[in-house]
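Novice: What TrEMBL shows for this protein is this:
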- 174-201: coiled coil (COILED)
- 411-445: coiled coil (COILED)
- 668-719: coiled coil (COILED)
- 1004-1031: coiled coil (COILED)
- 319-338: compositional bias 'Basic and acidic residues' (COMPBIAS)
- 734-756: compositional bias 'Basic and acidic residues' (COMPBIAS)
- 512-630: domain 'SMC hinge' (DOMAIN)
- 314-338: region 'Disordered' (REGION)
- 731-756: region 'Disordered' (REGION)
């Protein structure tokens, strides 16, 4: 096994794809410093899985990507492929050639491949670890690896041997397994606590389960006793009923005669009510006409009053306006203020002129005073100079003259140098400006790219928000659809009929003329289902049939099948005028009230029956409106939206009740409509999501394109910035040179000026000294006069300055006031124009209001006459209706008397029938109790628990007999007192048990099963933990065996290698803790020839390097790897030690492939192949040379 090739692209300084063809033996990579030789080592380490950026000589992992140069843009990814020859099968993979690829993008993403297939870093490490190439990379000896080995702790040196021996992998796995075992122990403890808690819960729950078992046995005993008593009661009642049924025929005939007479009376009463109802529309129309006219009159009165109020308001508003100041006065005042401001400004100008004159006069006096003082000082110096001697003064004058001449020459030289430097600075600045202009254009382009990128990102974010919102909306719509579907299904379950109506609908084929459920045949206006169901009463759950014969046949079928009772609505073809005549006789309803038949739609066959059932029903808003309606119209019934029914003689209502089939049907339709709407909305949202996702994909692609363009522009901008920085540095250097020469010239000129001044003073002193007598004294009279005048001039200047400041403040206080007054005048004129417009509008409004009031009064006069005629007509109709109502009252009295007679006859004739009905009701109650409480029909109840059936022993008695070994008790005959006592005893025992948990049996069984399951799992975990600890112990034993063997071999090889590198010396490896091979460290002892020291820290730098090389070579020889990479390990060795190291490398070449980064010529001489590395414009380039050993030897 050996490295066959290395392909590097975009890694560090390798910008272009570069392939190293590697052969067995020694391959040397040579080249100047900084050319990128060590990048070859970094590339191999990186592709083998190195994860530390510092180990690759970088600050972060992205630094391995080619960063670009002045002439080449940076790359977006780094890729290294290492091809290994696996002909000998050293790698556990079925390929003779293995290619490992690692790829990294600038975004931080990484990819790993083995022979082109994606894999994980762990897969690569596992593949290489079995061939002696560990994840610690001991096969790569870098520039700092030797020093790191020397300064490493003994425990760290041990890791080198472990990795070479293949032990480190097992140690890492063992440590990982131990950490998992520690984590498992936490869960094991939790599981132990949980099983203990379940064990504590089992005892009380077991007691509850035992109580539940006893309660079940007692309840079974109690149920048996109650069933037998119930069967006895039912048999007794049926026997009594059979005895009295003989008289039923005669009593029924008599009752039918009375019912016929009562029907005739009711028919007569109906005819009278219909006759009275015919007058109701006429009265309602007259009343309605009167109401409308009265309401119209009230509207006209309101309009008249509103017009008068409007007229009064417009008149009052006109008086409320108050004019502001006169605009002409404001402008005149502005002119006066403007003149005053101009006068103040003129006075300010005069004061400023006076101030300037005063300042000039004061300055002139101060100059004269200073000149007088200088003359006085000069005269004094001249006298002193005269006294000291003219010769010394003459020498000073000559010396000052010589300095000024020399300074002039220096200034001329500096001026020439300054001009030259200035020219260079201007040229450099011109270049900087040109590059800066290019950079500015690039910045503008970058700004456009940033804008496009930001817009693309914003579009992507908007698309993402849209997708998320649409997805949320779709989920909400699907959730609503599911909710409405569940509601629809739940309500549909409530439509399954279980009474007589349900039986008829289930056997529709056997019932002729069956139309269906009334709830399904009616269409009720939304929101009125509860009201219509209450109005229909029992008919709301009825079944519709086509005729009376069909209804009779349906009832006969129910009796035969004993299927219960059912309401039937009989349909018939609508005759002419059947509903129209009734509608014409309806009384007029108040506002917000509606007739019930108008809110129902049905087939023509059912319309007469439905209108008949609802003809006197009116829907109102609340109970108050219902009470008022019934009070005005006793023949009507009022129904509220909540289902409360109010009539003149009966009412029904209250809190909520079970919904009728009409209400349930309406609710089902509503749920179905909402479900369909939600499903439709979800489908539309799904279509929108598809479009939004397509937009999102487009936005993402736009972002990628914009980002790529932005990165390319950023690269160009960085190159321009570097060029600008270089030119800027040159320009700054030139400017600094210019400034330095300028400062030097300024200092020279200043010095020359000082010398010239000194020369002038000395010359003047010399002249005065020559002209002034030796005994003359200077006069101070002029100086004293000027000194007295200067303070007066200063005081005058201060007074004038105060006057100027006062004038400025007066000007500033009045400035702008004239403009403000002019703006006020303009605003006042505009306000007066708006006020005039408002007055004109009010005048027009007042005229309109007068016209409206007059028209309203005229219309009101006509309406008063019409109201009077309508009131007369209404009173006439009301009187006619009152006459008919009196007649109806007489008929009702007769009907009442007939009803009382019928009631009296019914009481006399049907007393026995009532008694039998009560008996039947009691029998039905007992049958219903048997069905509802015990789930048994009458036949089963009598057949199994009747008085003639023997009573079997209870479960408790059977269990007791079996426990005591006694024979099972025989069944006994039924005795009612015995069964009553048995039931009472069972009730007492059940009461003594107290509160019983009916779910205790199920909970106990479930908890017991869970406890058993967790206990088994706990034992399995413990067994698994013991097995894992056994495996860990075996791994430790194996590690001890392998490490002991590897250390012995390494120590032996180290002694041999050390004698080769240090002839006559002595070196050995020792264990720091020989008794504990799992944790012991490895210490190095080295004694070069002629020295007695053994500690590494006391050796020289070369000796320490050789010692480290000796240890590495010993490890390589003891546990050889297929290949090794060495990066300038011989750099610090002299020629003799280098020769010894080359001897060792030649020995290693026999078993391993060596790749050496070197500068040494002797190392190159033993190489089988040479790679020369150079760098041009920041990019590494490579040339190769294969060496023919045979020719070299010849």
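Cβ atoms are placed via backbone N, Cα and C, with glycine included.
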Novice: Ranking 174-201, 411-445, 668-719 by Cβ pairs under 8 Å to the coiled coil (1004-1031), which is first?
Specialist: 174-201
Novice: For the domain 'SMC hinge' (512-630), how many residues does DSSP put in helix, in strand and in coil?
Specialist: 56 helix, 19 strand, 44 coil
Novice: What residues elsewhere in the chain lie close to the compositional bias 'Basic and acidic residues' (734-756), defined as a C-beta under 8 angstroms and at least 6 residues from its ends?
Specialist: 400, 403-404, 407-408, 410-411, 414-415, 417-418, 421-422, 424-425, 427-429
Novice: When the compositional bias 'Basic and acidic residues' (734-756) is classified with DSSP, how many of its residues are helical, how many are strand and how many are coil?
Specialist: 23 helix, 0 strand, 0 coil
Novice: Limited to the coiled coil (668-719), I'd like the whole-number average of pLDDT.
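Specialist: On average, pLDDT over the coiled coil (668-719) sits at 80.
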